[in-house]
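Taken verbatim from Swiss-Prot:
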{"type": "BINDING", "residues": "63, 66, 155", "note": "Zn(2+) binding site"}
{"type": "ACT_SITE", "residues": "219", "note": "active site"}
């Protein structure tokens, strides 16, 4: 076996802020090339890299305390190094925010996953990371066929959810909801797929909007510390990611995800803002049409559709930020290889 790029592992070395990380590379006996660009950023290039090769970003740690994705990525990288994992796709593995991970917190100064638009933002540690990640994505996707580009941004939810795992497809100007992407979701046994209805400022949206990548934000269970995640809950996802990297068709059966559309985004407008439920409410909790579930100033917040459900409720966001998504279950179909709904 070729000498490892890592003293311990990709994840351990990334989190060890006491040791420096230098850019370096190695070629495995099977011809696969590993390039460590910087702390937490590893590029893997297959021996037979060509115009037909997929170019896949697998990112984790955008929120520092969401550790299950980091552990999944670390195991895949280890198996690539040993030769156990076949590599036919060019991959960029990212563990984004080790300082926040070591502090067991989502972020240090600013929510990193709201910094990938082109708006002016206040200086912060996270803004520096976002700018670096934008450059890395550009370099990775430059001179690659549009149809080869994928980005799976892996997260965990803060709260419990009626769907243990779910994926969010960002809204872009481009055809970024291909049948291949939906097939990936279904083979991963991800329980729900949310179709966003407006642009956002997330990492996956950035790749989809600016590089037409087939991109998802994937929410995998709940936040836990490294070593405390039950990775067996994500066996199907792990297998499907590995099959994607090997460019083979999964052998296990798919489980179709329930599809939702985002019906609206609740943005906090007033200091006097609250929900009528406590912080233990689950993602995808639904309401009857007309049911009041909170207020913003003197305006009641109420369900505008039967069984309209709430996702990512956060009563503590700053004024002007998203306080929740409201979603409705839909029947979707494919037109010209793209997932659409009426």
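Every residue gets a Cβ built from N, Cα and C, even glycine.
Quantities reported herein were computed from a predicted structural model and do not represent experimental measurements.
All features noted in Swiss-Prot, drawn onto the structure.
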residue: 63; record: Zn(2+) binding site; Cβ within 10 Å: 22
residue: 66; record: Zn(2+) binding site; Cβ within 10 Å: 26
residue: 155; record: Zn(2+) binding site; Cβ within 10 Å: 25
residue: 219; record: active site; Cβ within 10 Å: 27
Legend entry - Three-state secondary structure, which DSSP defines for residue 63 (Zn(2+) binding site): coil
Legend entry - Residues flanking the Zn(2+) site, with Cβ no more than 8 Å from the Cβ centroid of 63, 66, 155 and excluding those residues themselves: 60, 61, 62, 64, 65, 69, 106, 113, 154, 156, 219, 223
Legend entry - Distance, residue 219 (active site) to residue 63 (Zn(2+) binding site) (CA atoms, angstrom): 12
Inset, instruction - Between the residue listed as 'active site' and residue 155 (Zn(2+) binding site), find the distance joining the two CA atoms and give it rounded to the nearest Å. - result: 5
